[in-house]
Amino acid sequence: MNMSATLILAFAMSMDAFAASIGKGAVLHNPRFRDAIRTGLIFGVIEAITPLIGWALGFFASQYILEWDHWVAFTLLLILGGRMVVEGFKDSPDCRCEKVKNHSLALLVCTAIATSLDAMAIGVGLAFLQVNIFHTAMVIGCATMIMVTLGMMIGRYIGPILGKKAEIIGGLVLIGIGCNILYEHLG
């Protein structure tokens, strides 16, 4: 696969994470640039690892992985998105205490995994092509880091405009991403 095809693949793979990061940036109250970089790194590393896992598993059990990856992604995104929607409707007198809870490492990792399961499926497909999987995975990870960092900063400016609705919208975006993943695999 040539470099332009690799870049197109990488940025296409980062779109789910980009959309989720806009929602995350909007929910947080004035996230700093280092928060955006940290989130970008988490998403980027996970997005780089999942095609490697998929590539390795592609030699052993591709039919089983491809049968279930979309259901796992859908379920994780539905749960995370549903949680955000419910939290968005709760009255919260002190928004500062919500910031830490909504930006926990566990939640970031879980969201990153959910949005990167399609990259694992791509990795399975790449196992049957003549590609340098390590190079491709690194490009996917870097593209995701850039897009997530950018998404967080865009969300930072959208959040104050939307207020508490940002969390509801962010949750709906995650649910929408999950539904889209399910639709693409079942449709």
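Cβ from N, Cα, C; glycine included.
Going by Swiss-Prot, these are the annotated features:
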type     : residues : note
TRANSMEM : 3-23     : transmembrane segment
TRANSMEM : 41-61    : transmembrane segment
TRANSMEM : 62-82    : transmembrane segment
TRANSMEM : 107-129  : transmembrane segment
TRANSMEM : 143-163  : transmembrane segment
TRANSMEM : 166-186  : transmembrane segment
Hey, which of 3-23, 41-61, 107-129 has the most Cβ-Cβ pairs under 8 Å against the transmembrane segment (166-186)? 3-23
Out of 3-23, 41-61, 107-129, which stretch touches the transmembrane segment (143-163) the most, going by CB pairs under 8 Å? 3-23
Mind checking which residues of the chain, 6+ beyond the ends of the transmembrane segment (107-129), have their Cβ under 8 Å from one of its Cβ atoms? 1, 9, 13, 16-17, 20, 24, 39, 42-43, 46-47, 50-59, 62, 65-66, 69-70, 72-73, 76-77, 80, 136-137, 140, 144, 174, 177-178, 181
